[in-house]
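Q: Residues or ranges marked as ADP binding site by Swiss-Prot: GLY151, VAL152, SER153, ARG154, SER155, GLY156, LYS157, THR158.
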Amino acid sequence: MLPTVFIVSDGTGITAETFAHSILSQFDQKFRLVRVPFVDSLEKAYSTVEKINEAAVHDGRRAIVFTTLVDSVSNDIVKRSNALVLDMFQRFVEPLEQELELKSSHAMGRGHQNADTEEYKTRIEAINFSLAHDDGQSNRNLSEADVILVGVSRSGKTPTSLYLAMQYGVKAANYPLIPEDFERGKLPSALTQHREKLFGLSIDPQRLSEIRNERRPGSKYAAPENCRYEINESEAMMRREGIKWLSSTHKSIEEIATTILQEIRLERQSY
C-alpha cells in the first residue's frame, strides 16, 4: 500500500506541490498524491480532514500532508487530522516575522493576486510571443526575443520556451536545426543577426530516437543512426558558431530554464 500524500492549499497548490516533490524525491518510495486546492473556508477544511482520515483508515497508517494554508483556523482544523502535517507557512513565515519584527499579512492567495500587475501582463505577452515563435513558425519580431532556443526536433525546445514564458515572463522563441542546415553547414539565415540571443539544446541520440519513435514509429526520422547524425551535426554547428548549449537528457525543465537564465544573464521577471 503506497503512503498517501495530500497537497492542501487555499490557492492552486503549486507551491506546496513543488516543495513536496522536492522533499519526497529524497526517498526511494512511491507515493499516492492527492491534491486539494482552494481550501478557502472552514467547511472545506473540515471536508479535507474527512478525506485525510478516510485515507488513513484505508491505508492503515497516517497520511502525510503538505499544507500552505494561510488562515490559522483552517490550518488548526487540518492539523487535527490523522496525519503528519508539514506546515510550510508556520515553518517559514513565523521565523521571518521574528527576524524582521514585522507581522505578515496572512492574506490568502496573495502570491497569485497579480492579474492587474505589470508582472502578469509581461508574462502573458511572453506566452503569446513564445507560442507565435514556436518551432520557427514566424521570423517576425525576433529582435524582441530575450532568448532563441535552437536544436534538433524533439530536443526540448518547446516546453522550455513555454516554461520560461509562463514562469519568468521571458520572451523565448525556438527554432529547429534541420538536415538542410547541416548540409549547408550554416545557421538558418533568420538566426544569424540574432546570434547573441541563441542558446542550444541537445539530447542523447538514443533518448531522442525513443522520443521520436513515439511520434513516428519506424521512420527514418526516428532511426537511431539518423538521430546520431543530427545530434553530432547540431553540436558541431553550435560549437563552430560559438553558441552556448546543454544536454537536456537528464535535466528537468526547471533545471534547463534556470541554467539558461544564468548563462544568458537574464533577470527573472516574474515569480
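Note that Cβ sites are derived from N, Cα and C of the backbone, with glycine treated the same way.
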Q: Out of ARG154, LYS157, which of these binding-site residues shows the lowest number of other CB atoms within 10 Å of its CB?
A: ARG154
Q: List the other residues in this chain whose Cβ sits within 8 Å of the Cβ centroid of the ADP site residues GLY151, VAL152, SER153, ARG154, SER155, GLY156, LYS157, THR158, in sequence order.
A: ASN174, PRO176, LEU201, ILE203, SER248
Q: With every protein chain in view, how many other Cβ atoms are within 10 Å of the Cβ of THR158 (ADP binding site)?
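A: I count 18 other Cβ atoms within 10 Å of it.
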Q: Is it possible to get the count of other C-beta atoms within 10 angstroms of the C-beta of SER153 (ADP binding site)?
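A: 17, counting other Cβ atoms within 10 Å of SER153 (ADP binding site).
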Q: So for GLY151 (ADP binding site), how many other CB atoms are inside 10 Å of its CB?
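A: Excluding its own Cβ, the number within 10 Å is 28.
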